[in-house]
Amino acid sequence: MLPLIWWLTAAGVWATAGVCWMYQHMNWEASQETPGMFVFALATLVIGGVWLNNVLKRLKALAVCLVYLLMILLTGFLFASLFTFSSIATVMGITGGMFATMALICCCINRAIPPARQLCLYIFCGLSIAFVVNLILTSSFSVWLASILTVVIWGVTAACEATTLEGLIRVADCSDISGFFRCIVPGSITIYFSILVACFRIIIIIVDFINGLVW
């Protein structure tokens, strides 16, 4: 079950890059003239994350699929408003590759991977893919830095959710398709949202630090 969660997470990460392309191609991203759209998307993502933290395990299969799709659309909109598509495609492609590689490794060894080893594998796979891809594409320093930070932070936060994923798998009822999706989709949402929560906490820490300096 865990490899399927990683596969779906990888698909969600890659889909985010595709959504970014769609928004930029159709000129739907936020700009300095329309900051309200960006604020609305960010607020929806934050409030939705708080709500999900309380109700995710109780949602029906269709509901969790729609929530995952909405998260991808909102995240794609925010990224499309802030970064170029080439940088987004590189970073998200590398990150999705990290999760896909984890799924392949788990399928090959055909046994559960302990959380500590998951952390090591996340970082090793992510950094290896980042090094190869950025070297081939001769990426700029900012893309190198963004891809490295993304795979490290996302790898750490995903590894921290290993216990949560084990709990979802343990109680999953896979006798029907509904129970199957109520396991793998919430698991993917948990991993996908983990880095957003981490970034939000980092921003709060930075703001508190700046306020401490000012006052």
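Placed from the backbone N, Cα and C atoms, the Cβ positions cover glycine too.
According to TrEMBL, the transmembrane segment annotation covers 36-54, 61-82, 88-107, 119-137, 143-168, 189-210.
Using the rule of three or more Cβ pairs under 8 Å, pairs at least 6 apart in sequence, the transmembrane segment (143-168) is in contact with the transmembrane segment (88-107). Among residues of the same chain six or more beyond the transmembrane segment (61-82), those with a C-beta under 8 A of the stretch's C-beta atoms are 12, 15-24, 28-31, 37-38, 41-42, 44-45, 48, 52, 88, 177-179, 181-182, 185-186, 188-189, 192-193, 196.
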